[in-house]
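K.L.:
Sharing a structure, written as structure tokens. Questions coming.
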Amino acid sequence: MGSKLKVKTTHYIMFRRLKRSAHTLLTNAMVEFTKGKRQAVFVFTEECKSTDFNRITSAQNSTLTTRLQAGQGYGNTLNCILTVYRNESAVGFFKGMSFPLASIAVYSSVTFGVFSNTQRFISQQRYGDSNHAPALSDLIVASMVAGVVSVGIGGPVDLIKIRLQMQTQPFFKANINLKHRAIGFPAYRGPIHCVSSILRQEGLAGMYRGASAMLLRDVPGYCLYFIPYTVLCGWITPEGCISPSPSSVWMAGGIAGAISWGTATPMDVVKSRLQADGVYLNKYKGVVDCISQSYHSEGLKVFVRGITVNAVRGFPMSAAMFLGYELSRKALRGDQAETNP
């Protein structure tokens, strides 16, 4: 008993040190990337502060989306809500969320930081001014870079979350000939045990199961996240204002989030299924095989499962994220002027 507790404590300490080291490394790298300019510090500090807004809105759990996309027998969103509550009470809606909440500050900071610094770097190289208004092509490149980086950080986090959310789900005909786990009983005791189990059974590559599908989701997804926000902010903000109002930021961020999450749903379904695959057995050989099997067994409608939850959740979550980001930036820079003199 004492040895098990010691191992669990060691894993926890290693995880905390790894997270702290990764955050420090990425922060220092981006500061160096912008040649020590003050803006680089702002990007990460602002996003860490805006994470407080995002933690509140993230409370509406992604369990519903995961169950609808990777589970069986739920039918629609309302039936999924009732089933989860009836079988698992209110606690069921928050399964697997401790790991994402613990890492959301690093994830959000790096993603927004990479986008902002890449955008400024491109403007500096093309126009000689890092504060020059970016062209559409500049926004596309910066968004794609942010999407690629987000997979490196968010892939393992999403995997742990989905494994914990799906480990007690019923499996039907596809899940026969199971080797060593009993269906309906938890395979993992918590996030640390989940990480150690995956590393022991599948190696480091197992932590990035579904990463290819996540790339196909996040690269275009972030393009449809940052670009609509930038365009809408410019369109809503009255002429003569040097910065958008909080209401403009909230509206533009919410719409951008709904667009991004709504359009990303088909590949989100594939990603969720690939990451849930492996709790009890390995059903899919890859992205193409997952798409093929899902289509042949459930038709095209399977690829829009959870789209309502994604879009509805995406609006307040993204609105809070962008609002916190812009307000923090304004406060840190001491920018009190709202209009040009």
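Keep in mind that glycine also has a Cβ here, set from the backbone N, Cα and C atoms.
From TrEMBL, for reference:
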- 38-121: repeat 'Solcar' (REPEAT)
- 96-115: transmembrane segment (TRANSMEM)
- 134-235: repeat 'Solcar' (REPEAT)
- 135-157: transmembrane segment (TRANSMEM)
- 244-331: repeat 'Solcar' (REPEAT)
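What's the neighbourhood like for each of these?
P.N.:
Each residue in the repeat 'Solcar' (38-121) has a pLDDT score, and their mean in this model is 65.
Residue counts for the repeat 'Solcar' (244-331) under DSSP (helix as H, G, I; strand as E, B; rest coil) come to 73 helix, 0 strand, 15 coil.
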